[in-house]
């Protein structure tokens, strides 16, 4: 695909898979010993092992893949596509809100990887809602100048009225090695976004290797749209202050502090200016501030107290969506979720959403940790992450009746913030050194465990009750036989001169003699008594725990078709839709 031609090797010793004569002798001798051992095991009827695969460096021949990602979203403007894909570090710092993901759109990284591995450009198709054309753009990036290198940029007909974006890239990769990681990533995406439908297809030259997986949509309740907000004073640095001064339309320092930052009122701004020193006044023009004065402003921002920012600039998945995603993909026996209120570290608001599940499909024994940052799964470097360390070292699972070693435990933690404190350039894990986030994660997981504990205790009590009933029923035949034998011996005795029994007892003995009462009669009576006692205990437990004794009925809701005006009432466990 990129001009490679298979040629016969002239000098074999040049290649890293070259095998010397001495190495070949060792390999053949090892294979001969292995075959001899296999023959002996076969003669003795033991299990025969497969032939071990030859160990190598794992390079082999290069494999190239065409990766296509298509959605039905809002699309991208025709004129902005080259700069959106072909220019890195082109974000804005003038406003602040949560952006989904770790790097932005992610297509720039795919473009750079394509540039590194194959040198081929990427193809982009996009159309916005209502447009009668589709934008097609083929480009790569000029890494030295950081500008897009456009091969083709044109408008095409949109006969199907499609809207969305489609990106196609050709890269070098290894499907065999990374297959499980890709599928694991897709599954986690389906957990955190149950309002989206994912269709993953792998097409190979060999039909038996083809793979199709569909993750269905379960809800249409979308996360709230993050609102654009101003910067918090304690979260800005000196460069950002200079940029805000360059772009502001406010003439003096008082208006600049009041309108370019959040949580600074006019009275608060006056107090801050008075604290800055005699060189500052409310009417000082921001363009006349010197470098030393800017350092003083930054220093005061670091030391002064400000109200915490609100969380309206964040877009969490929502406790309802998180619970629904866990149930949809894992099918657990028990699940509990919790969402924290907005909290702050270094002037940046953040929200922690957590879920803990017990049991489920395709879940291993022990802790299965799923980490999300701004609703994006984190796959690598799990051991150093704050979520992993909190789940392993800071949660005492046993006090919540959860067996950390034997139970199938799913731990789901999603952290959203305007600034996720990643460690390393790979942005694959969140540091454990930020106390505010570590405490919030621990608190959220504990809230989930408290919810699960009450459910687990009820299940244990019900299990004990079933075991008690089972044990009683197991001894009923022996007890009935013993009673029958004892009463039979009493009935066979000659009647004494003085009456030894009451009238009712004598009637019972007579019924035994006449075989009107048999061993089966006692069995039936004991079984009915055990059932009655079990029912009374269950009723008493239900009255204490507030569980209704009314039978549960299945309720089926028809899907909505067409356009309706409705109002959604959301709670952590469900969404009630009112249609007037």
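Each residue, glycine too, has its Cβ placed from N, Cα and C.
The feature ATP binding site is assigned by TrEMBL to 71, 92, 93, 101, 102, 103, 104, 105, 106, 107, 108, 427. Marked as domain 'DNA topoisomerase VI subunit B transducer' by TrEMBL: 309-468.
Within 10 Å of the C-beta of residue 108 (ATP binding site) we count 19 further C-beta atoms, all protein chains included. The predicted model assigns the domain 'DNA topoisomerase VI subunit B transducer' (309-468) a mean pLDDT of 88. For residue 71 (ATP binding site), the count of additional Cβ atoms within 10 Å of its Cβ stands at 13 [all protein chains shown].
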